[in-house]
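As structure tokens, the structure follows; a few thoughts come after it.
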Amino acid sequence: MPAELTFVAPRRTPPPRHLADLDPQERRDAVAELGEKPFRARQLAQHYFGRLEADTARMTDLPAASRERLGEALLPQLLTPVKHVTCDNGMTRKTLWRAFDGVLVESVLMRYPDRVTLCVSSQAGCGMNCPFCATGQAGLTRNLSTAEIVDQVVSSARDLARGTVAGGPGRISNIVFMGMGEPLANYKRVLAAIRRITDPVPDGLGISQRGITVSTVGLVPAIEKLTAERMQVRLAVSLHAPDDELRDELVPVNHRWKVAEVLDAAWRYADTTGRRVSIEYALIRDINDQAWRADLLGRLVAGRLAHVNLIPLNPTPGSKWTASRPEVEREFVRRLRSHGVSVTVRDTRGREIDGACGQLAASGA
């Protein structure tokens, strides 16, 4: 029997309205409703998105009488950091956040010599039930709001700008929607979050669309919707098996949309946007790392605007599976390259702090 999937999040009390939930016109309307002049919306956005400031007491260009009113109405605290855990000499930091309703989510900040990447969560938990993923095994609690997604970025960017992260002051250059949740199952809020992240300051954070990656297990209708947006974000497809028999087991949504359908949607995305699709493939010892599966994957991807990202399986509590042997991994890479396929093995960050791919479970509060 196919594993149970949850596409619609349980109904819960929504988070309070926040500036980042609103587009520029909605912000002006919201400010006007509070009896303030509409241009205060731009000032507020300049502080939040431009200066990464959420404390209205520091917004001295706003009238003192307005600060508290605007702060309470449009800048409520949505996420509170519970703890930070680091590894890689502080260059990788996992943050556990508590939302307004007590829900826990995680994000991971990764500093590299040439870039800084933040992995964000789009849901509390996940409804896709992939058996090798800690998040999927936890089930879906609720969708995150647009502002809860954006606030992970703003809060992390603030710490980075203020030099409280190892390596000194810096800026986030890349955002990957590869944290907790299936991003395309929370499509509307994720899309709005991408717009807030990429719109120029003060409307948004001004991070390039080309620096954004959205992952999916293969929700074909949502991939098609994203294609129609004609954005320049990268699509990452969590494939993990090139054949339906095995993918039905590893990625249960495959019972709904088979490998061929998922890849067809991915190729249409690449052809429409001109952006190379990333095919994510967790290598699991003696499960999906056989030479014939490497050859099958190579034939499926050859000639496409795509790159295969091999991920040594990250351990999760109670998992019966482990990463492929090094020699098997090397042979898998060799066979893919023999088909002319671009392939790399992911430099997995955060494994020691349960912050790597498939390990986020918002535990340890």
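Numbering starts at 1 and runs along the chain as it is shown here.
Here the Cβ of each residue, glycine as well, is placed from N, Cα and C on the backbone.
The active site, proton acceptor annotation in Swiss-Prot covers Glu106 and is backed by sequence analysis. Per Swiss-Prot, [4Fe-4S] cluster binding site is recorded for Cys126, Cys130, Cys133, and the stated evidence type is sequence analysis. Look at Swiss-Prot and you will find Gly181, Glu182, Ser215, Ser238, Leu239, His240, Asn314 tagged as S-adenosyl-L-methionine binding site. The disulfide bond annotation in Swiss-Prot covers Cys119-Cys357. The domain 'Radical SAM core' annotation in Swiss-Prot covers 112-352 and is backed by sequence analysis.
Where Swiss-Prot records a feature, it is marked here on the structure.
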{"residue": "Glu106", "record": "active site, proton acceptor", "DSSP (3 states)": "strand"}
{"residue": "Cys119", "record": "disulfide bond", "DSSP (3 states)": "strand"}
{"residue": "Cys126", "record": "[4Fe-4S] cluster binding site", "DSSP (3 states)": "coil"}
{"residue": "Cys133", "record": "[4Fe-4S] cluster binding site", "DSSP (3 states)": "coil"}
{"residue": "Glu182", "record": "S-adenosyl-L-methionine binding site", "DSSP (3 states)": "coil"}
{"residue": "Ser215", "record": "S-adenosyl-L-methionine binding site", "DSSP (3 states)": "strand"}
{"residue": "Ser238", "record": "S-adenosyl-L-methionine binding site", "DSSP (3 states)": "strand"}
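Listed recorded positions near Glu182 (S-adenosyl-L-methionine binding site): Cys126 (candidates Glu106, Cys119, Cys126, Cys130, Cys133; Cα-Cα distance within 10 Å).
Neighbour counts were taken as the number of other C-beta atoms within 10 angstroms of each residue's C-beta; across the recorded positions Glu106, Glu182, the minimum falls on Glu106.
Comment: S-adenosyl-L-methionine site residues Gly181, Glu182, Ser215, Ser238, Leu239, His240, Asn314; largest CA to CA distance 18 Å, whole number. Listed binding-site residues: Ser215, Ser238, Asn314; maximum Cβ neighbour count within 10 Å falls on Ser238.
Calculated from their C-alpha atoms, the gap between Cys126 ([4Fe-4S] cluster binding site) and His240 (S-adenosyl-L-methionine binding site) amounts to 17 Å. When the recorded positions Cys119, Cys130, Cys133, Ser238, His240, Asn314 are screened for a C-alpha within 10 angstroms of the C-alpha of the residue listed as 'active site, proton acceptor', the residues that qualify, in sequence order, are Cys119.
All protein chains shown were included, and the count of other CB atoms within 10 Å of the CB of Cys126 ([4Fe-4S] cluster binding site) stands at 27.
Taken as a whole, the domain 'Radical SAM core' (112-352) shows an average pLDDT of 95 in this prediction. The separation of Cys119 (disulfide bond) from Gly181 (S-adenosyl-L-methionine binding site), Cα to Cα, is 12 Å. Note: the CA-CA distance between Cys133 ([4Fe-4S] cluster binding site) and Ser238 (S-adenosyl-L-methionine binding site) rounds to 12 Å. Cα of Ser215 (S-adenosyl-L-methionine binding site) to Cα of Cys130 ([4Fe-4S] cluster binding site): a span of 14 Å.
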